[in-house]
Structure formats: structure tokens, C-alpha cells
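Per TrEMBL, the features are:
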- A:232-244: compositional bias 'Basic and acidic residues' (COMPBIAS)
- A:42-75: domain 'Connexin N-terminal' (DOMAIN)
- A:226-245: region 'Disordered' (REGION)
- A:23-40: transmembrane segment (TRANSMEM)
- A:77-97: transmembrane segment (TRANSMEM)
- A:132-158: transmembrane segment (TRANSMEM)
- A:191-214: transmembrane segment (TRANSMEM)
Amino acid sequence: MDWGALHTILGGVNKHSTSIGKIWLTVLFIFRIMILVVAAEKVWGDEQDDFVCNTLQPGCRNVCYDHFFPISHIRLWALQLIFVSTPALLVAMHVAYRRHEKKRQFRKGDQKCEFKDMEEIRKQRFRIEGSLWWTYTSSIFFRLVFEAVFMYAFYFMYDGFRMPRLMKCSDWPCPNTVDCFVSRPTEKTVFTIFMIAVSSICILLNVAELCYLLTKFFLRRSKKAGNSKQQPNHENKEETKQNEMNELISDSCQNTVIGFSS
Amino acid sequence: MSWAFLRDLLSGVNKYSTGIGRIWVAVVFMFRLLVYVAAAENIWKHEHDEFECNIKQPGCENVCFDHFFPVSHIRLWALQLIMVSTPSLLVVFHVAYRENREKHHNQKLYKNPRKIDGGLLCTYLISLILKTGLEIAFLVLFYKLYNGFKIPRLVKCDIKPCPNTVDCYISKPTEKMIFLYFLVATSCLCIVLNLGELSYLIFKYSTKCYLKRHVKKQQ
């Protein structure tokens with residue numbers, strides 16, 4: 001179980017995402033998870049071993065390290081990435097539920113079911129409309145909230161995003177104010193700023209995706225309102241149903257990877 | 001053999017689960033397994049090396065560490081993850097038994113061998129009860145072994161060969177405590193999900209039974 005498994009899970013959701021959502025996922029995996037695993041973990045790897053205090057008093061180093069780093073940057077980032085990826089599971093579950101319903105309809109031999117076989121149902125790409133729109137939008141909203149919360153937690157815990165070279169510590173059992181030196185402060189600062197920058201890009205992408213979805217929703221609503229004024233209701237329902245069916249049939253021709261939900 | 005095996009096992013179980021069961025699998029994957037592998041393991045990696053006592057007496061540090069950490073938090077966590085995922089195997093075995101039986105007799109014995117009814121329902125309920133029981137047992141074990149879920153910065157030790165009461169310092173106590181609380185929170189969430197699923201299944205099948213009897217009586 002590792003980040004690769006997360007990739008498989010989220011890859012399945014990718015199919016039903018908007019284009020901005022797909023870009024967000026790529027940025028997440030390449031510029032955050034990969035950088036974390038390949039580079040950042042090594043920079044923070046020796047953090048306590050190389051945290052040196054100017055005292056021979058046993059225990060002083062441990063206590064000072066614990067005081068200045070209540071939770072390591074690397075662990076905070078790992079938690080942030082896990083929490084930020086989790087809302088996508090809501091979408092995966094909703095899609096799986098819809099697929100399950102369609103399979104049930106198909107098995108019952110329902111006339112309304114427009115699919116010829118189970119394979120088509122499995123490969124179908126759902127449009128982001130109706131209840132799926134609400135699930136998708138809430139997942140983006142939660143993602144934004146988690147990103148913001150973690151960025152604030154970082155800023156609050158470490159008094160900004162800079163890693164100082166020297167920290168002064170006077171916690172017991174240190175006999176007096178002791179100088180403690182952090183290992184690789186510049187490299188850590190560089191990576192911290194990089195990760196914060198990519199977090200900000202992800203926040204912007206999420207905001208853009210949210211705006212896009214809201215705009216689409218209001219446009220569709222005004223279109224429907226406009227259409228219903230021109231024509232009687234029951235004719236319009238038939239037409240929109242036919243349009244939806246046509247769209248679903250044309251969409252089902254796309255072959256993509258089967259993800260976690262199936 | 002690694003955590004990938006557990007992941008494949010749980011993916012297999014996912015097929016026969018209810019909706020709440022699938023949420024439980026997702027919580028175990030994302031918030032327990034992934035957090036364990038990606039973050040928690042590294043915190044406890046050098047816990048023995050970084051455990052420091054204010055004494056030069058050889059053997060004192062070893063003895064004190066062993067006294068305060070009979071089983072490391074991280075090992076208990078790993079054991080908990082494995083034990084809690086294992087009862088789901090009962091369901092997998094039962095479904096495999098049903099399918100084998102159908103193959104052996106060469107006829108359709110069950111309406112749907114994968115549907116949770118009859119004997120499979122009992123197996124599923126037993127697996128849920130076992131999962132919940134094991135979660136609670138591990139939480140109690142954690143609580144009893146470490147006197148609550150706190151990890152102090154300093155522990156005082158006076159076991160031989162330490163010549164007198166010696167101060168020993170635990171490394172990264174705050175970080176360890178944060179992840180311990182995270183473990184407890186996710187455990188409690190899983191217990192709630194299991195109990196929810198149990199109630200849902202009992203309610204669903206008892207109303208089904210009641211309605212069947214009601215219809216029979218009317219006939």
C-alpha cells in the first residue's frame with residue numbers, strides 16, 4: 001500500500017472529471033506526491049539525527065527538537081495530500097452507485113435501459129449533471145477547505161515558511177538557553193516554498209473548476225427556463241430526454257481504464 | 001509480502017460488501033493504511049536510537065526502553081490493521097464455498113451465491129461483530145499498556161542496572177501523540193461504521209422476514 005495505490009483509486013475518478021480536474025490530478029501526482037517521495041523525504045530523512053544542540057546535557061536535544069517540530073513538515077504534507085485526495089472518493093462512490101443502479105435495471109430487463117450489455121455499463125462515462133454535479137462540487141469545496149486549513153496550519157506552526165539555521169531553546173532539562181542548529185535549513189526552505197507554491201496552484205485550479213461548474217449550472221438553468229417559456233412542458237421533457245440519451249450513447253463509445261469503483 | 005497483500009484482500013472483500021462496508025474499506029485504505037505507510041512508520045523508525053537517558057551506565061537505556069515500551073506503538077498499530085481486516089476473509093471463504101458447491105453439484109443451488117442472505121448473512125454479521133470486537137480490544141490494549149494515549153517527554157526509570165532514578169527522554173513525543181490520536185479517531189470511526197452496518201443489516205432482514213410472514217398469513 002503506497003502512493004501508487006492512491007493513483008489507481010484516483011485514476012478511476014479521472015474519467016468522470018472536467019478538464020481542469022484532470023490537470024489538478026496531474027499536478028497533484030507529479031509536482032506534489034512524486035516530489036515528496038523522491039526528494040523531500042530524503043531532505044528531511046536525517047532531521048533529528050542532524051539536529052545538534054550546543055550542550056552535552058542528555059535529553060536536551062530531544063526536548064528542543066520536540067518543542068520546535070511538534071509535527072514534521074514531511075508528515076504534514078503526507079497528511080495534506082491524503083486529506084486533499086479523499087473527497088474524490090465521494091465522486092467514485094456516487095459513480096459506483098449509479099453504475100450499480102444501471103446494472104440492476106439491465107438485469108431486470110427494463111425497457112428504459114439503453115445499454116446492450118454489461119460491458120457498456122462498466123465503460124460508461126457519466127456526465128456531471130444532477131446529483132453527481134452536487135457530489136462533484138462538494139468534493140471540490142472540501143478539497144479547497146482542506147488545502148486552506150493545512151496551509152494555515154503550516155504557517156501557524158512554523159511562524160512562516162522559512163526554516164531558520166539557529167533556534168534558541170531553554171526547555172528543561174537544558175541547563176540554560178542553548179543554541180540548536182537545524183540540518184539543511186536552506187534546502188528545507190526551498191522545498192517548503194515549492195510545496196506551498198504548488199498548493200497555491202492547486203487551490204487556484206480548484207477555484208477555477210468550481211467557477212466553471214457554477215457557470216455551466218446557471219447557463220443550463222437559464223437555457224431550460226428560456227426553452228420552457230417558448231414550448232409546452234411535456235414536449236420539452238421528451239426532447240431533453242432524447243438529447244440525454246443521445247449524449248449517453250455517444251459517450252459510451254469512449255474506452256477508458258476501470259478504476260477503484262468497479 | 002507487504003501491505004499490498006492486505007490491499008488486494010480488502011479490494012476482493014469490497015465486491016461482497018454493502019454500501020457502508022465499502023465506506024469502511026475506503027476509510028481503512030485512506031486514513032489508516034496509507035497514513036501508516038506514508039507517515040507514521042517513519043516517526044517510530046529510530047525510536048530506540050533516539051531514546052536517551054541521563055546516565056552513562058551501560059544497559060540502563062536498553063532496560064528502561066524495554067520497560068516503557070513492551071510493544072512499540074507502531075507494531076501494535078500494524079497488528080491492529082491486520083487483525084481488523086481479517087474477519088472479512090470469512091465472507092470471502094463463504095462465497096467461495098457457495099460457488100464451489102454449485103460447481104460440484106452442477107446446478108443452481110442459490111439464487112445468487114454473492115447475495116447477502118441466509119448463511120452468508122450470518123457470516124457477514126459475525127465478521128462485523130469480530131471486527132468491532134477487535135477494534136475495541138486493541139483500543140483498550142493501547143490504553144492499558146501506555147496509561148492513556150499520552151506520550152510524555154520525560155520518563156523516570158530506576159530498574160537495575162540503573163544505579164538510581166534516572167531521567168529518560170522520549171524522541172518526538174508530540175508528533176507521536178498526534179498520530180496516536182489520529183489512530184484512535186479512525187478506529188472509533190470504523191467502530192461506528194461497523195455498528196451502523198450491523199444495525200442496517202439486522203433492520204433490513206428483520207423487516208423482510210416480517211413482511212414475508214405477513215404476506216403468508218394473508219394468503
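Please read every residue number as a count from 1 along the shown chain.
Placed from the backbone N, Cα and C atoms, the Cβ positions cover glycine too.
Just so you know, TrEMBL annotations never went through curation; they're auto-generated.
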Long-range Cβ neighbours of the transmembrane segment (A:77-97) (under 8 Å; 6 or more residues past either end): 6, 9-10, 12-13, 16-17, 28, 32-33, 36, 40, 126, 131-132, 135-136, 138-140, 142-143, 146-147, 150, 195, 199, 202, 259-262
Residues from the same chain, set at least six apart from the ends of the transmembrane segment (A:132-158), whose C-beta lies under 8 A from its own: 16-17, 21, 70-71, 73, 76, 79-80, 83-84, 86-88, 90-91, 94-95, 98, 126, 192, 196, 199-200, 202-203, 206-207, 209-210, 213-214, 217
Residue numbers, six or more beyond the limits of the transmembrane segment (A:23-40), whose CB comes under 8 Å of its CB atoms: 3, 6-7, 10, 13-14, 17, 73-74, 77-78, 81, 84-85, 191, 194-195, 198-199, 201-202, 205-206, 209
Helix, strand and coil counts within the domain 'Connexin N-terminal' (A:42-75) (DSSP): 14 helix, 2 strand, 18 coil
Averaged pLDDT score, the domain 'Connexin N-terminal' (A:42-75): 88
